[in-house]
Amino acid sequence: MATHVPNVKGQKCESKLTNNISKMYATIPVLLAVLCYINGVPGDFVHDDVLAILHNRDVTGESDLLAIFYNDFWGVSMQNSTSHKSYRPLCVLSFRLDYYLSGGDSRWFHLVNIMLHALVVFVLTQVCHNVLKMSSLATLVATSLFAVHPIHTEAVTGIVGRADVLAAVLYLLSFYMYTSAVTKSRLERDVNDNLTESASASFPAKQLIRVASSMALALAAMLTKETGITVLGVSLVYDLITSRKHVLKWLKPGLTAETKQFISRVTIIIVTISCLLIMRMAIMNFEKPSFKHEDNPASFSTSITTRIFTFNYITFYNFWLLLSPSLLCYDWTGGSIPLIKSLLDHRNICTILFYSVMIWSCWRCVRKMFLDQSTVEKQQRLFLLSMSLMVIPFSPASNMFFRVGFVIAERILYIPSIGFCILIAQGFQILCSALARFKSIFTAAMLALMLVMAAKTVCRNQVWESRETLFRSGVKDLPQNAKVHYNMGNFLKDEGNKTGAEYHYRQAIRLNPFHPSYHSNLGTVLSNVNETKECYMTALKLLPDHKNSLFNLGSLLIDEGDSAGISLVQHSLNKDPNFIEALLVMGKVMLRAKNFSAAESYIKRALDLNPHRPDVRFSYGYYMHMTDNLDAALQEYQHILALHPNELTSIQNAASIHSDRGNLIEAEQLLKRALNVKEDCEDCLSALGNVYIRMGDLNKAVISLAKATHLAPNSTKIHLRYVRALKENKQREEAREHLQHHISKFPQDFLAIWFAYNLSMEENRISDAAQYISEAVTIAERENNPALSYLYKEKADIYRLNKDLDGALKYYEKSIEISPEYEEPIVNIGSVYYLKKNYKEAETYYQRALAINPHNQLARLNLKKLQTNMKMT
């Protein structure tokens with residue numbers, strides 16, 4: 001009888017080929033994950049990245065390492081009432097490590113995010129193939145779809161999305177570890193069929209270690225992103241599905257060893273969930289985070305039906321974004337999804353259909369598993385698991401349990417999309433099996449879908465390249481969202497485009513007139529002071545304690561010389577003691593008041609909060625400058641410039657110190673550097689012109705100051721400096737013409753008229769001087785100028801030069817009427833009386849001058865001369 005000899009060599013070759021194919025299927029999605037996102041590496045820190053990373057002391061290393069475990073994701077103490085209550089210390093720790101290794105280079109952060117995304121794809125491949133027992137083709141489809149899906153752009157290319165991506169790694173590892181505990185225990189029982197009942201009932205040590213490891217990884221996932229805890233719910237569903245026989249035996253007498261072990265695992269999960277939730281709530285001090293109406297309008301609706309309709313439609317819309325990610329946006333707050341206030345709203349149809357299909361499909365599978373007790377097919381188990389992977393991690397964002405601070409957030413779909421991608425891959429597999437002759441068509445369609453999604457992802461990465469590209473995309477994609485207009489306005493304001501900023505602020509107010517920040521920021525870009533004040537007042541009516549409005553209105557009043565502004569700025573500091581802008585303004589106010597100790601207190605507090613912020617360092621340098629500690633001030637300005645080489649004000653102030661010290665070459669170099677930073681800096685050109693005057697290079701001075709006058713047509717200081725340069729450069733006619741032109745434009749400009757008077761006197765143009773001094777006196781009388789006494793004296797001098805003694809006497813008397821102890825006009829009155837031969841009056845005024853100042857030489861000489869003449873007569 002012939003014996004069949006198995007073809008061992010052929011089996012080995014087939015096994016090797018299968019293994020190679022599996023490796024290829026595992027490698028392709030990882031490569032896709034990297035290739036689709038690699039063009040996002042050059043992107044800058046944008047939007048939330050700035051607050052969470054650049055302005056977070058826990059990330060930059062300015063705070064103690066342990067502070068990470070006491071503060072929220074944004075670096076605010078969890079005990080603080082303003083805290084967002086987002087506790088993600090492991091994610092912040094990863095940011096801190098990245099910052100330390102890269103020095104704050106955004107490219108490094110992006111690269112790490114991409115590598116983590118690739119790691120998620122790799123672990124997902126193992127879960128699909130080894131845990132869910134999906135075919136190689138279905139695994140490839142699921143993981144490739146996950147790798148290229150555009151909905152992940154915010155999580156991967158947006159740096160703060162690290163929380164979701166890193167949590168996904170830990171999430172999948174926790175799930176994988178738990179499933180291995182369940183699977184391994186079943187295999188061990190199958191091998192050891194002869195175990196006694198008592199031996200089987202014990203909880204195997206290896207299984208306990210795997211379950212404990214899964215719980216620890218779940219804790220790590222939760223400490224990376226709050227939704228990480230939901231992996232325990234997914235693990236529980238997995239155990240219920242794979243151990244369904246033990247669920248049915250749970251209430252029956254005489255539990256088997258397997259059922260007891262199942263009960264033990266479930267108990268561990270429930271206890272762990274309870275402990276983690278209590279721990280999380282304790283960290284929050286058992287307080288809920290506070291959100292604004294704009295963050296999630298539906299949750300603030302007083303109508304329960306509006307809330308139910310809207311929340312359920314938003315759930316459907318999240319699923320729709322996974323299915324058709326054609327419209328994506330970095331911010332979905334406010335009016336992005338209009339509230340559904342009526343049952344007749346057509347959007348309810350989408351909600352009803354969505355829930356009907358989902359509930360019917362799940363019920364069908366559950367009924368077969370637990371009620372009919374029929375043989376459960378692989379597809380049914382996979383469907384329930386993919387649904388649990390999609391629904392359970394999304395549930396915290398559904399508003400079902402508590403209010404969340406957003407309408408839609410694309411990055412929170414990162415983990416739920418795992419279940420979605422498995423669901424699509426499963427459907428693809430079923431179609432290919434049921435309609436095998438169309439398999440090539442289905443495959444081509446799936447490839448085309450992935451190609452389109454990959455292209456969308458690559459394009460979407462470019463949106464996250466900078467603040468401008470991101471905010472412009474928001475305005476384009478969701479023009480009905482007030483927040484995107486507000487953000488665009490902020491960007492344009494920072495860029496100096498006040499007109500564009502005003503437009504977007506007004507659009508934001510049109511869409512949401514009840515947000516105080518919109519009104520407050522609009523005020524910052526308006527040129528009309530009254531309109532600006534009105535904006536700030538409107539903001540304060542909406543929210544009396546609005547910090548920025550208090551600060552903005554207070555700063556404006558301080559600039560106007562109204563001391564009421566000081567209390568408003570101080571009020572904003574009371575609301576937020578770490579409000580750096582308010583600390584700097586109060587420091588500036590104290591410097592003006594010569595209260596240097598108080599100024600130092602405010603500025604040093606700001607310095608302690610953020611020692612690397614340029615305006616803080618500048619304020620400290622300016623404090624040193626004002627207190628004549630010029631070496632320390634110069635050192636501070638140089639420190640700022642070492643960190644921020646283009647910080648214009650520090651360059652200018654350093655140049656000013658060098659100029660004051662006579663270091664004209666250093667001053668010239670710094671001012672030229674300032675002009676490289678800002679070519680149209682009129683103050684830099686003016687200061688450089690002044691340096692050239694002092695260096696004797698009058699041609700360069702004239703050129704520099706001429707440019708400054710064109711840039712600052714209303715600046716009296718710059719125009720007068722230019723006139724001075726022309727005069728010293730022997731261009732007297734040009735100097736006079738320019739000065740006259742400026743005065744013709746600004747006939748009430750006292751300083752220009754006074755300068756013109758002095759220039760006329762220098763050039764002995766008495767008639768011109770008489771005209772200018774008369775204009776100066778008129779302006780001074782109207783404004784009650786404290787120099788009026790001196791001006792009267794100067795006008796009297798002109799009358800005297802013109803031999804009009806009565807006119808001179810009149811204005812000398814006006815002068816001493818204001819300043820009775822002003823010696824010069826008193827002596828001059830005596831001289832006028834002397835010329836008028838009224839020696840007695842002359843003597844009286846000379847004596848009066850000497851009574852004020854016995855050492856007045858002119859009065860003594862004139863009196864002596866007078867007395868000699870009187871004796872002769």
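Positions of Cβ are set from backbone N, Cα and C atoms, glycine also.
Per TrEMBL, the listed range annotated as transmembrane segment is 304-323 (candidates: 304-323, 344-363, 584-603, 684-703). Listed by sequence, the residues of this chain that lie at least six past the ends of the transmembrane segment (304-323) yet keep a Cβ under 8 A from its Cβ atoms are 149, 151, 298, 337, 339-343, 345, 347-348, 350-351, 354-355, 394, 397-400, 407-408, 410, 413, 416-417, 420.
Residues 25-26, 29-30, 32-34, 37-38, 40-43, 45, 49, 53, 94-95, 98, 101-102, 139, 142-143, 146-147, 152, 155-157, 159, 161-162, 165-166, 168-169, 172-173, 175-176, 179, 418 of the same chain, all 6+ positions outside the transmembrane segment (108-127), place their C-beta atoms under 8 angstroms from a C-beta of that stretch.
Sequence-distant contacts of the repeat 'TPR' (580-613) (same chain, six or more residues past either end, CB-CB distance under 8 Å): 55, 57, 60, 62, 551, 554-555, 558, 566, 569-570, 572-573, 619-620, 622-623, 626-627, 643. Here the repeat 'TPR' (823-856) has Cβ contacts under 8 Å with residues 789, 792-793, 796-797, 800, 805, 808-809, 812-813, 815-816, 862-863, 866-867, 869-870 of the same chain, all six or more residues outside its ends. On the 0 to 100 pLDDT scale, the model's mean across the repeat 'TPR' (823-856) is 91. When DSSP labels each residue, the repeat 'TPR' (614-647) comes out as 27 helix, 0 strand, 7 coil, counted as helix, strand and coil in that order.
Note on the repeat 'TPR' (482-515): residues 47, 292-294, 329-331, 333-335, 467-468, 471-472, 474-475, 521-522, 524-527, 542 of its chain, located 6 or more positions outside it, place their CB under 8 angstroms from a CB of the stretch. Proximity of distant same-chain residues to the transmembrane segment (21-40), defined by a Cβ-Cβ separation under 8 Å and at least 6 residues beyond the stretch ends, is recorded for 110, 113-115, 117-118, 120-122, 124-126, 129, 136-137, 139-140, 143-144, 146-148, 153, 156-157, 454, 457-458, 461-462, 464-465.
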